[in-house]
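What follows is a set of notes on a single structure, which appears directly below.
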């Protein structure tokens, strides 16, 4: 049976339908707003695999090319590996729903969101977030939903829910929020140095906006009436748990206070091994359970120590930032480079400048576009003392890179003022928490080292949360273990003036306004401290580019002269690049960017282009080349492709019988422009140029 519900979200109608398509899935909905439609399915296997120790949730998001009336541009003409945008949308769907499954539900579960129709004004990613929740709500899969997503923008001081493409262009912030009826579950976005108070208002504006969508999902679930699966409660061996606690608790109290990560992990592993050995005879085959109870002990002890004593794993209080060291110009041949170290987290970051040919081509639902700023984040296994087989970057690397890219993009100069393609690469060389924020700091330093005139330095910090009942502690600059054992990972990046990017994920049922406000305020204090540490090394962009970076000079020509620059079949522009070795980019407005690491080559290219587009001026002297001898005079080329006639009467002060007595083809001759007729024909005189000196 087909069931349909509708919700109004700030003037836009969202329709959710189930029971018509993909009926063999555990749950399936078609969600629509405007002309954008997404099919979202949820399937969970009937039982968990034997020995399954984690929740295997997979989220897939795919944009079908036909949804935008396009044929894929790849060689095979079909959809292939996910684009970065599809990968990022998968993460947006996954992160708010993952904490809402029961802890003991370990069945293979897959969410698939397929964009089947798309307009430019209704974001399919937002609809996919809502659709994933709705598909789970109408299924028999246990899920503590609903949740809903919304994108918030601000134009002329007014907040807008799910802005159109035109409104997004004018907006000074873009934040995606996922929320339940009572709390915020996830936040991600960027802003143009917006204050913490304004961000908080935007987030809770979004929370209010999604309430009708949440109500519609509850209505749909009620209409469908599917009963949820019964999940057996986990059986806990209380006797074993008590024995593990008795044997290991005192040792664990000391181990969790060891300040260095490797030594701490070795100590905890040693306690686990000793406990397994001590209990192996009494509780045969219980090694996995024993190690699970050791992990529970670590979880409880770390959190208790923070809540009761205000002291963290490495001895810091809740607000202290780890020691920071910075270095720039680390790599002599890179255009800009930095080494950023914060505690046991370290990143080498390099900035490279390129031209328009280096722009990334993006093939999307809405057509081709070009990307002029890229940040790539790499997390090699050695950074955490591990080994693995590395192929393409994973979802986490793409997500962390995009967060850092958004943070830095807000301070870039306008492309007209700095017409370079910029690529930042961050290689994490050590990691113990907050490597994406180390990338932001290192990226800012490397751009300043490269001489990119950024608006202001940017720093980032990761905040954590430990919440027990009504008590909570907010942690600045979290360690990896604090991320793992805590309830929130809240990354905030920005300048001294305001926030440029943020991302919040939680592992509990939601966070309140009070917690978010306190976290943002504490993050600001931490960010200002980090900016101060960075400024000790470099506080503003260098005044010049690296000697190894291309110099781009911009000149303009009249639009009707573009064809003269290019020439037939590209002949003219090719002759310039071959003669000078420069890279030239021409757009249809007459703007020409000339790039070269050699100033002399660039100057020569400019001169050659000026010659190609130059127009004769009456009364001006020109050094020309005789192209053709006629009985009535000689044709002299004064610019490439532009010549004029020197009539026989204008060859000399005395009467000339034969033109060839004075000039021959190929001769260089100084002439003066004495007129241009209505047809644009140029009249030249050698006679009037005699005795004059030519200067370019």
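Note that the numbers count up from 1, one per residue, in the order the chain is shown.
Keep in mind that glycine also has a Cβ here, set from the backbone N, Cα and C atoms.
What Swiss-Prot records for this protein:
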type	residues	note
BINDING	483, 489	Mg(2+) binding site
DOMAIN	550-609	domain 'KH'
DOMAIN	619-687	domain 'S1 motif'
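Each of the binding-site residues 483, 489 was assessed for Cβ neighbours inside 10 Å, and the highest tally belongs to 489.
When the domain 'KH' (550-609) is classified with DSSP, helix, strand and coil residues number 32 helix, 16 strand, 12 coil.
Secondary structure at residue 489 (Mg(2+) binding site), as computed by DSSP, is strand. Secondary structure of the domain 'S1 motif' (619-687), assigned with DSSP and counted as helix (H, G, I), strand (E, B) and coil, comes to 7 helix, 36 strand, 26 coil. Following the DSSP three-state reduction, the secondary structure of residue 483 (Mg(2+) binding site) is helix. Looking at the domain 'S1 motif' (619-687) alone, the prediction's average pLDDT is 91.
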